[in-house]
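See structure below.
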Amino acid sequence: MEQPEDMASLSEFDSLAGSIPATKVEITVSCRNLLDKDMFSKSDPLCVMYTQGMENKQWREFGRTEVIDNTLNPDFVRKFIVDYFFEEKQNLRFDLYDVDSKSPDLSKHDFLGQAFCTLGEIVGSPGSRLEKPLTIGAFSLNSRTGKPMPAVSNGGVPGKKCGTIILSAEELSNCRDVATMQFCANKLDKKDFFGKSDPFLVFYRSNEDGTFTICHKTEVMKNTLNPVWQTFSIPVRALCNGDYDRTIKVEVYDWDRDGSHDFIGEFTTSYRELARGQSQFNIYEVVNPKKKMKKKKYVNSGTVTLLSFAVESECTFLDYIKGGTQINFTVAIDFTASNGNPSQSTSLHYMSPYQLNAYALALTAVGEIIQHYDSDKMFPALGFGAKLPPDGRVSHEFPLNGNQENPSCCGIDGILEAYHRSLRTVQLYGPTNFAPVVTHVARNAAAVQDGSQYSVLLIITDGVISDMAQTKEAIVNAAKLPMSIIIVGVGQAEFDAMVELDGDDVRISSRGKLAERDIVQFVPFRDYVDRTGNHVLSMARLARDVLAEIPDQLVSYMKAQGIRPRPPPAAPTHSPSQSPARTPPASPLHTHI
């Protein structure tokens with residue numbers, strides 16, 4: 001047996017969550033009717049893109065397009081390639097300049113206008129194509145030159161027309177590829193005293209900083225030194241993040257029941273090598289570096305052979321969004337008495353003039369991201385567990401805006417306004433029943449199952465669920481519909497029942513029937529409370545954790561129903577007067593992160 005340093009614990013291999021990087025999208029920039037700053041010709045525009053740090057909110061230059069001479073309607077060739085995270089608010093800023101010299105110093109060029117948006121706004125627009133007016137923000141003086149410079153605030157001069165910016169997002173093709181492969185091994189080292197080894201493979205993707213991230217683990221083959229593992233599939237972006245020459249490290253272990261797996265050896269390869277398929281290039285010597293150092297006659301600890309390799313493109317979340325799939329967002333808020341009297345500062349519903357309460361923080365964190373995937377920005381908002389005026393009837397499915405026919409509110413601000421108004425008119429009561437609001441959203445989801453709509457229900461609650469059996473049944477029934485459920489637990493209650501509904505460990509069932517999909521994600525709000533008061537950062541983490549599973553849940557539903565993405569809508573054509581004076585096409589240029 002090897003020394004303890006050649007052993008690995010089981011936990012090292014089982015945490016694969018979050019190992020798949022975001023997909024990459026390519027942003028193309030065009031402008032129409034820019035300001036004309038040149039006396040005897042048209043402007044020579046350049047676009048600069050900035051990203052914003054989540055922690056310090058500082059704008060950082062991401063990249064620049066090329067300069068296009070003598071046009072007010074540029075179609076820039078150089079693209080911006082960025083990582084896309086559905087679950088994050090990725091703020092972007094685009095500044096336009098009229099270039100007057102070869103100087104890279106932007107202060108030496110005329111400012112033409114700017115636009116702010118999020119990456120989600122671009123992706124979620126029809127056809128993933130967003131048009132925004134350019135504005136000239138407030139100016140400040142450059143401390144070195146004294147020349148006016150645009151401030152980074154989102155201010156604008158009322159009535160000042162600076163033209164339009166057109167932003168298009170396209171998912172990179174290699175981000176949708178899925179590789180399917182199979183391996184076998186020969187003459188692996190024997191690690192067990194009373195039998196042969198129980199080998200398995202662990203695959204790692206190399207990172208920019210030289211570290212490695214686990215991305216796949218095969219099954220264990222019992223009692224053999226010549227295993228043939230099952231075929232497996234993995235997204236190419238998980239294997240190499242789209243870089244075909246990036247190192248892929250594969251470690252070979254002998255499985256042990258107590259979790260102290262014995263290291264047999266390792267080898268490295270790359271996606272480009274694997275893509276050659278079965279050949280002499282894909283027979284790898286398994287080497288144990290420690291044995292190689294200690295033993296002069298050491299050759300290897302066996303070989304691993306690639307038996308087959310194939311790659312195909314799969315439909316992705318962005319394919320469906322670009323094809324017009326709308327995400328319908330509904331929020332349901334807990335109005336039970338366990339929240340405490342809203343007029344007292346100890347209440348979870350207390351409305352402080354200085355900061356948002358937990359309900360409003362959670363709603364805003366999730367809503368401000370998901371809102372960009374719904375074109376009309378009208379969101380149903382429900383309450384449960386309250387007595388309603390005028391007769392004190394208890395309801396577990398009432399509209400926050402008071403409109404029984406149409407519970408939709410305009411934007412996230414509209415939901416917050418209706419929520420605050422409800423706190424002043426209803427009486428907190430109980431019990432904590434989820435089934436009515438789950439059934440409400442499921443009913444709407446069932447009405448449209450052609451792939452054009454997908455519903456997301458956000459439930460924010462403080463208490464122990466009262467109708468567990470009914471809620472389980474409602475979720476099992478909803479799992480076959482185009483919908484997902486997010487539950488955020490606020491306050492200090494025990495949320496064991498919510499963890500059960502989450503179904504990450506054990507898929508929930510009702511009356512002996514298993515849910516077809518895992519559609520519930522639960523997080524306790526207290527895990528995201530920042531003691532320093534930095535709610536921006538902590539709520540960004542909350543949104544990331546509860547929204548991260550939505551894209552895969554949407555795609556899993558579409559696949560199960562055999563629904564393919566629709567073709568994206570055609571981009572509007574511009575009148576001849578707006579046609580750009582195009583620069584001759586050049587070979588594609590890209591700006592990477």
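Heads up, the Cβ atoms here are built off N, Cα and C, so glycines get one too.
According to Swiss-Prot, the protein has these features:
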- Asp38, Asp44, Asp98, Asp100: Ca(2+) 1 binding site (BINDING)
- Asp38, Asp98, Asp100, Asp110: Ca(2+) 2 binding site (BINDING)
- Asp100, Ser103, Lys108, Asp110: Ca(2+) 3 binding site (BINDING)
- Asp192, Asp254, Asp256, Asp262: Ca(2+) 5 binding site (BINDING)
- Asp192, Asp198, Asp254, Asp256: Ca(2+) 4 binding site (BINDING)
- 572-581: compositional bias 'Low complexity' (COMPBIAS)
- 2-134: domain 'C2 1' (DOMAIN)
- 328-554: domain 'VWFA' (DOMAIN)
- Ser19: phosphoserine (MOD_RES)
- Ser103: phosphoserine (MOD_RES)
- Ser140: phosphoserine (MOD_RES)
- 562-593: region 'Disordered' (REGION)
So, in DSSP terms, is Lys108 (Ca(2+) 3 binding site) helix, strand, or coil?
-> helix
Summarise the model confidence on the domain 'C2 1' (2-134) as a single mean pLDDT, whole number.
-> 85
Over all shown protein chains, what is the count of other CB atoms within 10 A of the CB belonging to Asp98 (Ca(2+) 1 binding site)?
-> 20
Mind checking which of Asp44, Asp100, Asp198, Asp254 has the fewest other CB atoms within 10 A of its CB? They're the binding-site residues.
-> Asp100
Going by DSSP, give the three-state secondary structure for Asp256 (Ca(2+) 5 binding site).
-> coil
Of the binding-site residues Asp100, Asp110, Asp198, within 10 Å of Asp254 (Ca(2+) 5 binding site) (CA to CA), in sequence order, we find Asp198
Between Asp44 (Ca(2+) 1 binding site) and Asp110 (Ca(2+) 2 binding site), how far is it from one CA atom to the other, in Å?
-> 10
Round to a whole number and give the Cα-to-Cα distance in Å for the pair Ser103 (Ca(2+) 3 binding site) and Asp110 (Ca(2+) 2 binding site).
-> 12
Here the Cα-Cα span from Asp110 (Ca(2+) 2 binding site) to Asp262 (Ca(2+) 5 binding site), rounded to a whole number of angstrom, reaches 65
Report, as a single number, how many Cβ atoms besides its own are within 10 Å of the Cβ of Ser103 (Ca(2+) 3 binding site).
-> 10
